[in-house]
Amino acid sequence: NNNNNNNNNNSNSGSGTAANAAMTTTTITTNGSSITTINNNNSNKNDSIPNGSLPSASDDNDYEVVPNSEFSVSRTAMRNNQSHYYINQRNVTAKEVGDVLREKGIDLDNNRFLILQGEVEAISMMKPKGDDKNDMGMLEYLEDIIGTDKYIPLIDENTKKLEELSDEYKGQLQRLNLTQTHHRELHAKAEQALMYLSQQAELARIKALSRLSEATCLADEIEVNRARQNDLRSRLAVHKDTLSKQEDGLKDSQTQVAAAAAA
């Protein structure tokens, strides 16, 4: 906070890793108007102060410096509300400063590096989760800090797809259950039909065997009757022959009788 006492036009700079820059960038970006405000507030005390400069330096040395990663960022605020930004004491634009810090992995979009004292009570009073997407709860606040809120649209999209697939699954499952019920009913009827056909086939087989047995018996009777017929024919032929001989003898007797009567 004593940076407003700098009375030179050159900006002071500090160096460190991206982690060190992350600690001080909040002051450069979040408190963007604080330097001008301090300069104006101190104008009554010392009108000779033309500007104030804030370097990206930190008193915390408890970190390991990555080789060839050191850089410095500073900002000088003028009394006329103009600001000059410097990277390694080179005059650049605010956009270039933001691009460099983002390349170093410093999240400037969520702007949550520093929790001001007035925000602590508000944070402690937050509800666990917001009632809707426009309501900020502790969950939404932490997601905003961490940066996972960018996954919310994808989560919502996948949740919607999951609901659609769940509905489709329930519909398919219901159809499957109906099909299985219908299949069980048809299976029972099919078993009855197969049993009936099996009984009919057995009945037809028994009838066929019965008729075959009857045919065999009739064939045997026919053979017996044929034998009897042949025997009767033979006996009839014998009787006819005997009768013929008797007729011939009778004729001879009649002839002799007639001859004797004529004599």
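Glycine is no exception: its Cβ is also placed from the backbone N, Cα and C atoms.
Because TrEMBL annotations are produced automatically, they should be read as predictions rather than curated entries.
If you check TrEMBL, you get these features:
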| type | residues | note |
| --- | --- | --- |
| COMPBIAS | 31-52 | compositional bias 'Low complexity' |
| REGION | 31-62 | region 'Disordered' |
| REGION | 243-263 | region 'Disordered' |
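Counting only same-chain residues 6+ beyond the ends of the region 'Disordered' (243-263), none has a CB under 8 A from a CB of the stretch. Assigned with DSSP, the residues of the region 'Disordered' (243-263) fall into helix, strand and coil as follows: 20 helix, 0 strand, 1 coil.
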